[in-house]
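Visitor: I have a structure I would like to understand better, so I am pasting it below and will then ask my questions one at a time.
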Amino acid sequence: MAPVRGILGLQRAVSIWKESNRLTPALRSFSTQAASTSTTPQPPPPPPPPEKTHFGGLKDEDRIFTNLYGLHDPFLKGAMKRGDWHRTKDLVLKGTDWIVNEMKKSGLRGRGGAGFPSGLKWSFMPKVSDGRPSYLVVNADESEPGTCKDREIMRHDPHKLLEGCLIAGVGMRASAAYIYIRGEYVNERLNLEKARREAYAAGLLGKNACGSGYDFEVYIHFGAGAYICGEETALLESLEGKQGKPRLKPPFPANAGLYGCPTTVTNVETVAVSPTILRRGPEWFSSFGRKNNAGTKLFCISGHVNKPCTVEEEMSIPLKELIERHCGGVRGGWDNLLAIIPGGSSVPLIPKNICEDVLMDFDALKAVQSGLGTAAVIVMDKSTDVVDAIARLSYFYKHESCGQCTPCREGTGWLWMIMERMKVGNAKLEEIDMLQEVTKQIEGHTICALGDAAAWPVQGLIRHFRPELERRIRERAERELLQAAA
């Protein structure tokens, strides 16, 4: 049986071999066809767009704020000529989800200092009402030293803010907006109130706003001049008629804000740019600036420059170019520069060597241990007593502390007292490290960010100008030694 099985196996093997030979030409022709098909020349994919490497030089047609200097009529007739309230009804009718998604795509980050993504923040508001109304609160309590951008919007382009309130309110499902204006801003309030009356008379606000079927009210509240009310929860407390002291979080305002209702607090500039973004498209807005730092921005430059100004420019513009293009350069030339505070008094200063190349956006300034903040650029030339300047800021934060948190209430006082002694060199070298330690005990240990704002300028001074502090201490010690010997 074994030979028979062997013969049968051999026959089976021969038949399989013959069958394979019969199929091989067909397989070869199929593989050849496939190969010829696969090797057919395909058009090359389009090259990726070149990565943008230079920022700045914003064209006039790309500016959102076209009446920043008050050269034109700030009220309704002039505003409509400049494009405000153009087909606002169509934007409203596109709905809440569309507005929020477009804002997310634009890459807009909050212009009040924190830089939180605006579309994401708006989306935190409840999607389904539990019976409580939702509110938009606009933080116009612009009190940061060096910051003067929002007042230009309220004074010269108030309808941009009012239209933005409606658009943002629809995006948040809010029934009303409260604009909280700094107490000292009298002219700004008068212009904004007149613009509000015009908008109501024209049917742009109130019942059936812009004929869209959406009811939206706008209220204007005058503050009393307290810096702490620029903190969002302190602002809500003040709006409710209480002392302006920050609240503990959670609950966050999006869950329990004004009068215990869902609330979003946002900056004047953030709200004012939203209608233009929706009209021109998020892709247009995100084409400016670096990734994650999109759009245009209002920069207010003051201090030792030839022409202080507030100007709208592209995000990520080099700091040096911003000053030389729009302010006529540093007083006495760039080589006369000592240091710059790039984002209002709450951020650490940066010395001249960093200012040479740094870009004006959130990420670039964070990388050099500073921040964009409100984009209030304070320029100090070599005539500045930098220690005295930071000591003066320390006094400001001591004066404006609400006193609720012990680290801030006590720490800001100690910062100011030590800085006053450092100013005249009346200290010991080891006290510089003690001063640094005091800032660390304040930073991150308070309910709101005022403690951080008080600590960071002092930390920046120690980081970049420690030799100056040491020089003053040594020189005073030498003088006292000589006086004692005499």
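Heads up, the Cβ atoms here are built off N, Cα and C, so glycines get one too.
As listed in Swiss-Prot for this protein:
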- G110, R111, G112, G113, A114, G115, F116, P117, S118, G119: NADH binding site (BINDING)
- 222-270: FMN binding site (BINDING)
- C402, C405, C408, C448: [4Fe-4S] cluster binding site (BINDING)
- 31-40: compositional bias 'Low complexity' (COMPBIAS)
- 41-50: compositional bias 'Pro residues' (COMPBIAS)
- 31-57: region 'Disordered' (REGION)
- 1-30: transit peptide (TRANSIT)
Visitor: Just counting, how many other CB atoms are there within 10 A of the CB of P250 (FMN binding site)?
Guide: 8
Visitor: Using a 10 Å cut-off on CB atoms, tell me which of the binding-site residues G110, G112 is the least crowded.
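Guide: Across G110, G112, these binding-site residues, the one with fewest Cβ atoms within 10 Å is G110.
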Visitor: Of all the binding-site residues given, S118, Q243, T264, which has the fewest Cβ neighbours within 10 Å once its own Cβ is left out?
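Guide: Least crowded of the binding-site residues S118, Q243, T264, by Cβ count within 10 Å, is Q243.
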Visitor: Just name the most isolated of the binding-site residues A114, L236, going by other Cβ atoms within 10 Å of its Cβ.
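Guide: Lowest Cβ count within 10 Å among the binding-site residues (A114, L236) is A114.
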Visitor: Provide the number of Cβ atoms within 10 Å of the Cβ of C448 ([4Fe-4S] cluster binding site), excluding the reference atom itself.
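Guide: Its Cβ shell of radius 10 Å holds 23 other Cβ atoms.
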Visitor: If you take the centroid of the Cβ atoms of C402, C405, C408, C448, the listed [4Fe-4S] cluster site, which other residues of that chain have their Cβ within 8 Å of it?
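Guide: Same chain, not in C402, C405, C408, C448, Cβ within 8 Å: I228, K245, P246, S401, G403, Q404, R409, T446, I447, L450, G451.
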Visitor: Spatially, and counting Cα to Cα, which of the binding-site residues is closest to T264 (FMN binding site)? Options: G110, C408, C448.
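Guide: Nearest listed residue in space: G110.
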Visitor: Say you check the Cα of C408 ([4Fe-4S] cluster binding site) against those of the binding-site residues G110, A114, F116; which is nearest?
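Guide: Checking each of G110, A114, F116 against C408 ([4Fe-4S] cluster binding site), the shortest Cα distance is to A114.
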Visitor: Among all protein chains shown, how many Cβ atoms are found within 10 Å of the Cβ of C405 ([4Fe-4S] cluster binding site), not counting that one?
Guide: 19
Visitor: Just checking, which of C229, C402, C408 (binding-site residues) has the fewest C-beta atoms within 10 Å of its C-beta?
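Guide: Comparing Cβ neighbours within 10 Å for the binding-site residues C229, C402, C408, C402 has the fewest.
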Visitor: Enumerate same-chain residues with a sequence separation of six or more from G257 (FMN binding site) and a Cβ-Cβ distance below 8 A; give 'none' if the list is empty.
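Guide: The answer is Y135, V137, L236, T263, T264, V265.
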Visitor: State the count of C-beta atoms found within 10 angstroms of the C-beta of F116 (NADH binding site), not counting that atom itself.
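Guide: A count of 12.
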Visitor: Compute the C-alpha separation of G112 (NADH binding site) from C448 ([4Fe-4S] cluster binding site), stating it in Å without decimals.
Guide: 15
Visitor: Can you tell me how many other Cβ atoms are located within 10 Å of the Cβ belonging to F222 (FMN binding site)?
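Guide: If we count other Cβ atoms within 10 Å of F222 (FMN binding site), we arrive at 15.
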